[in-house]
Amino acid sequence: MASDKDLDSPDRRDFLGKVTTAVGAVGVAGACVPFISSMNPSKDVTAKSTSMVDLASIPKGKTHTIEWQGKPVFVTHRTDETVADMQDASTEIDPQADSDRIQKPEWLVVVGLCTHLGCVPNRNEAGWICPCHGSIYDNSGRVVRGPAPKNLIVPHYEFVDEKTIIVGKKV
């Protein structure tokens, strides 16, 4: 039978103190997990972080509009003539070389929102024109005229293969 002296020994008190501390630490960690997990993006946000585009369905000279993160994105299959015409960036308000805006010359990917007030520009032969205030963008999405201060934004995108791109970054 254990004596009272054994129950109050320093070794036993130290052991019980360490066990109590360990159980408390596990409890605090368990309580923190839901709070930390709530900071991660939800599944619907993660699903909208990227959009896959089948380039084979877009004929030369045409633009396909997709939705990415609630915004329109214009994917344009440019003709050889358009590519040649877009090499000069000297007349634009926000000069930027065509090669800095594309990964492959025949494909242009831009967010379809005017950089002035966020209207959706309409496509025409020369590029895009904003119906709200008349900003004009060329076939590389560079602002040529109007109140827009910047070129159309080029989102992050990657070629998966020759006929498929993914717009956006994986979260």
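Including glycine, each Cβ sits where the backbone N, Cα and C put it.
Feature annotations, reproduced from TrEMBL:
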DOMAIN    101-166  domain 'Rieske'
TRANSMEM  15-36  transmembrane segment
Helix, strand and coil totals (DSSP H, G, I; E, B; other) for the domain 'Rieske' (101-166): 0 helix, 25 strand, 41 coil
Averaged pLDDT score, the domain 'Rieske' (101-166): 92
